[in-house]
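As annotated by TrEMBL, region 'Disordered' applies to 23-55. Marked as compositional bias 'Low complexity' by TrEMBL: 33-51. Residues or ranges marked as domain 'Aminopeptidase N-like N-terminal' in TrEMBL: 61-232. Positions annotated as domain 'Peptidase M1 membrane alanine aminopeptidase' by TrEMBL: 314-458.
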Amino acid sequence: MVHDRVRTLLLCGLVSTLVACTGGEPDEPRTEPGAASPGASGIGDPYYPDDGNGGYDATGYEVSVRYDPGTGRLDGDTTVTARATQDLSRFNLDLRGFTVSSVEVDGGPAEFTRESDTELVVTPADPVREGSTFATRVRYSGAPLDATSAQLGDNGWQRSPSGGAFVLGEPHSAAYWYPVNEHPRDKATFRLTARVPSEWTAVSIGRRESSRTADGWTTSTWVEPNPVASYLTTIAIDRFDVVRGTLADGTPVLSAYAPGANDLRDEGDRVGEIIDFLEGEFGEYPQATAGGIYLGADVGFSLETQGRPTYTRTADLETVVHELAHQWWGNTVSVRSWADICLNECLASYSQWLWAEDKEGDDLDARYRRAIDRFAGSAQFWGRKLYDMGPGHEFEGVYSKGILALHALRREIGEDAFGRLLREFPAQHRNGNASWPQFENHAEKLAGRQLDGFLDAWFRGTEQPPDEYLYPGSLRG
Ligand code: ZN
């Protein structure tokens, strides 16, 4: 940009007799109304073409919801602040279900329509100009689409055994309760005002700024100051017992135990100890809060909601280590595409091995060899790709083969480079996004050599890696 202008000025000076040079015109954005065009209906991740939207960058969500477990009805009033990345004649938000009653852009009424299952299409009275910040307020209501017992990887709003509710899902969850640019590539700050009947308690991510009860309703506000990928936001409404504390450095801890989650209190009590351990491995804890939401429901899996993971009733200590490791891997550093999910799950899963090695004196090489022996000849186990595994297959290999791949990488590049990799990468991409190939490049840089053969065999291959990559370093012989 700067160079273009310098060149224009030089050219004007030199050839002013030949070229009509009007001050700065080549750099000015086009301002004629006809130039504005619709924002794309997807952010550009080939894994989920409709996810997220193009033409703007959301910077902050102010979500306000009232939910009554008795009627199952949600009333929402959400303002999305965003910066336009093009002149926008119209743009999309992702929202699943609900009846939208009004949309305003910068305080003025806007037209809107619903398209497919996910798109809320907003046409402001005047186009939004590239580079400008604009606020879209959406009022909506209805019973959230019920996703109870949906499969791993596409979830949403669910009812809990106590009659409460919670929302949980990856890659999709936020659009089940507020309008959103639903893709981790567009991270934004998040603020929630939640109103529930006073016999219920709402819990979310972020700092709880206030909680007041009046006229039979309790209103609480939650503020997440760090940019957060939308699937890492949540709300849970239950008859929670809320326990508050602080980490040694003053970080506020809030743990919420639903009835039926009492078995998880011992694990919940160890969050500080686990974060201490993980800081030793991955560097300073990158989140503003800690704690957990311990559900009484058996969801079958837990989710690393930001600064306060949400746990299924059947979670154990390893699960807590895993979800807290995600606060570095997945949360402060988020995937660019769902093809990069190994950046989250391979690393969070390997943290369980690091914990076992440190706290239980586990011999990881022996554990690795046992696993290799067990899966020798398994076409299914080795057939799962760890990078670019294809939409719908993100969660197949990363928890199992992913651990072995990272242990092999550690032996391939050595203790010093591997340790630096685990600390440098989250710091370098803090509050941002990264791809799996960027992680590989960082590993190569620290190793001081190309690792193509090794990385292709482990992360792109669909067969057991050859012995040179299966038994590197101390695993050899
Ligand atoms: Zn995970």
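Placed from the backbone N, Cα and C atoms, the Cβ positions cover glycine too.
Since we're looking at a predicted model, the values are computed, not measured.
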Remote residues contacting the compositional bias 'Low complexity' (33-51) - C-beta distance under 8 A, at least 6 residues beyond either end: 86-92, 94, 115-116, 118-119, 121, 126-129, 171-172, 181-183, 185-186, 336-339, 391, 394
Within the domain 'Peptidase M1 membrane alanine aminopeptidase' (314-458), residues counted as helix, strand or coil by DSSP: 93 helix, 7 strand, 45 coil
Integer average pLDDT (0 to 100) for the domain 'Aminopeptidase N-like N-terminal' (61-232): 95
Secondary structure composition of the compositional bias 'Low complexity' (33-51) [DSSP: H/G/I, E/B, coil]: 3 helix, 1 strand, 15 coil
